[in-house]
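Q: What Swiss-Prot lists as (6S)-5-formyl-5,6,7,8-tetrahydrofolate binding site is Arg26, Glu88, Arg127, Lys458, and the listing cites sequence analysis. Summarising the annotation, Swiss-Prot assigns domain 'TrmE-type G' to 224-378. Summarising the annotation, Swiss-Prot assigns K(+) binding site to Asn234, Thr253, Ile255, Thr258 and lists sequence analysis as the type of evidence. According to Swiss-Prot, the feature GTP binding site maps to 234-239, 253-259, 278-281. The feature Mg(2+) binding site is assigned by Swiss-Prot to Ser238, Thr259, with sequence analysis given as support.
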Amino acid sequence: MSITKEFDTIAAISTPLGEGAIGIVRISGTDALKIASKIYRGKDLSAIQSHTLNYGHIVDPDKNEILDEVMLGVMLAPKTFTREDVIEINTHGGIAVTNEILQLILRHGARMAEPGEFTKRAFLNGRVDLTQAEAVMDLIRAKTDKAMDIAVKQLDGSLKTLINNTRQEILNTLAQVEVNIDYPEYDDVEEMTTTLMREKTQEFQALMENLLRTARRGKILREGLSTAIIGRPNVGKSSLLNNLLREEKAIVTDIEGTTRDVIEEYVNIKGVPLKLVDTAGIRDTDDIVEKIGVERSKKALEEADLVLLVLNSSEPLTLQDRSLLELSKESNRIVLLNKTDLPQKIEVNELPKNVIPISVLENENIDKIEERINDIFFDNAGMVEHDATYLSNARHISLIEKAVDSLKAVNEGLELGMPVDLLQVDMTRTWEILGEITGDAAPDELITQLFSQFCLGK
C-alpha cells in the first residue's frame with residue numbers, strides 16, 4: 001500500500017462477514033456521492049443534509065432489480081473519519097447481500113479498499129496521527145474494559161498531545177541554544193547555554209522515564225498475561241481452568257494424561273486479560289501423543305508471564321511436585337494447594353511462602369488468585385489511573401527507550417564538558433525519534449506495514 005495521497009474512491013464491507021442483523025458497506029472518496037446516487041433509490045442524495053440516515057433501496061440499474069432495503073448514511077467532507085465524502089450503506093446482515101452491494105459499487109467506479117485504507121486516509125488527511133490510528137486497532141482488539149479505556153484515551157489524543165508538546169519544547173530549547181551560540185551578548189553565555197541544556201535535558205528525560213514506567217502495566221492490559229497452569233497429572237488443572245472460565249473447556253476425568261495438548265483460553269480477571277494455558281501434566285511417559293503435550297507444556301512454562309502451579313494438598317509431595325517447584329521457582333509464580341475439601345497430607349513446611357489453599361470443587365478461595373495477580377503485577381495500586389497516559393504498544397515503548405538513550409547521551413556529554421553545539425545532534429535525534437511515534441517523522445515502509453495489519457473495511 002503506497003503512502004502517497006490518492007484521491008480515487010474506495011469501498012469495502014466494514015462489518016464482520018457472516019449472518020447478522022446489520023451489515024455496513026462503506027464508500028469514501030470524491031466520487032462516493034456520485035456512485036451511491038447511481039444505485040440508490042430514495043431521496044436525491046445531492047440535496048440531502050450531511051450526517052443523516054436516509055431510508056431507501058439499493059437497486060442494480062442494469063437489471064432494474066432491488067437488492068435490499070437499506071438505511072443510507074451521508075457524511076460530507078471534511079467532518080468525516082477520512083475527511084473525504086463518506087457513504088455508509090446499512091443493509092440486512094449476511095454474506096450474500098453485503099457482497100452483492102459491494103460488487104455493484106465496484107462496478108460503478110469505486111476501488112476495493114486495502115486493509116486499513118480508510119484509517120490510512122484519515123492519517124494522510126490529518127484526521128489522526130499514528131498513535132490514534134494504532135489506537136483504533138487496539139480498541140477493536142481490546143479484550144477487557146481496562147484495555148478499552150487505554151485505547152480510548154489514546155484515540156482521544158492523550159499520547160499524541162504529550163509527544164507533540166515535548167517535541168515543541170525540544171525545538172524551543174534548540175532554538176534558544178542556537179541563538180545563544182550565534183549571538184552571544186554576555187560574557188557567560190557559554191555557561192548559560194550549558195545550564196539551559198542540562199535543565200531541559202533532565203526535564204525531558206524524567207518525562208520520558210515516567211512514561212516508560214507505565215509500559216509494563218499498559219502492555220499487560222493491552223496484550224494480556226500468558227498464564228501457564230502447571231502441575232502433575234490429575235491435580236485439578238483442567239478443573240481450575242474451567243472454574244476460571246465459568247464453562248467446560250477442558251475434559252475433566254480421574255485418568256492421568258487426559259489433557260494431552262495445551263489448551264488456550266482468554267479470561268478477564270479484574271480487567272486483566274489472562275491467556276490461560278492448561279498444560280498437559282508434566283511427567284515421564286511412553287505415550288507419543290502425551291509426550292508431545294508434555295514438551296509443549298515445558299515450552300509454555302518457559303514463555304509464560306505468570307505460572308499457576310497446582311498441587312494436591314490431600315497427598316504428600318511427590319518427586320514430580322518437587323521438580324515442578326524447582327522448575328518454576330524463577331517465574332512469577334502462584335502456588336495453589338488444591339483439594340482443601342479433603343484431609344490435608346501435603347508437607348506445608350516444605351512449600352514456598354504465600355501459597356493459596358483452594359478447592360476448585362467447592363469454588364473456595366478462587367478470588368484470592370485474582371488478588372495475588374494484582375499484587376504481583378500491579379503492586380496493589382489498581383489497574384488504570386483515570387487521568388494517566390499509558391504506553392502499551394511495543395513500537396512506542398521501543399522508541400521512548402531510544403529517546404531516553406539520546407537524552408542520556410546529551411547529559412553525559414555535558415558532564416564531560418563537550419561543546420553544546422555538538423550535543424545538539426543528540427537532542428535533535430530525540431526530536432526525530434518522538435516524531436516516529438506520531439508519524440511526523442516515520443519512514444514510509446513503517447507506515448505501510450502498520451496499516452497493512454488493519455482489518456479490511458477499517
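From the backbone N, Cα and C atoms, a Cβ is placed for every residue, glycine too.
Structural setting of the listed features?
A: Glu88 ((6S)-5-formyl-5,6,7,8-tetrahydrofolate binding site) falls within a strand when secondary structure is assigned with DSSP. Within the same chain, the residues at least 6 positions away from Glu88 ((6S)-5-formyl-5,6,7,8-tetrahydrofolate binding site) whose Cβ sits under 8 Å from its Cβ are Ser14, Ile24, Val25, Arg26, Ile27, Leu72, Gly73, Met75, listed in sequence order.
Taken residue by residue with DSSP, Asn234 (K(+) binding site) is part of neither helix nor strand, so it is coil.
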Q: If you count other CB atoms within 10 A of each CB, which of Arg26, Arg127, Lys458 wins among these binding-site residues?
A: Arg26
Q: Give me the Cα-Cα distance between Lys237 (GTP binding site) and Lys458 ((6S)-5-formyl-5,6,7,8-tetrahydrofolate binding site), rounded to a whole Å.
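A: With distance taken Cα to Cα, Lys458 ((6S)-5-formyl-5,6,7,8-tetrahydrofolate binding site) is 40 Å from Lys237 (GTP binding site).
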Q: For the (6S)-5-formyl-5,6,7,8-tetrahydrofolate site made of Arg26, Glu88, Arg127, Lys458, how many Å separate the two farthest Cα atoms?
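A: In whole numbers, the farthest two Cα atoms are 19 Å apart.
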Q: With the cut-off set at 10 Å between Cβ atoms, which of these binding-site residues ends up with the most neighbours? Options: Asn234, Ser238.
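A: By the 10 Å Cβ neighbour count, Ser238 comes out on top.
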Q: Including all protein chains shown, what's the count of other C-beta atoms within 10 A of the C-beta of Lys237 (GTP binding site)?
A: 30
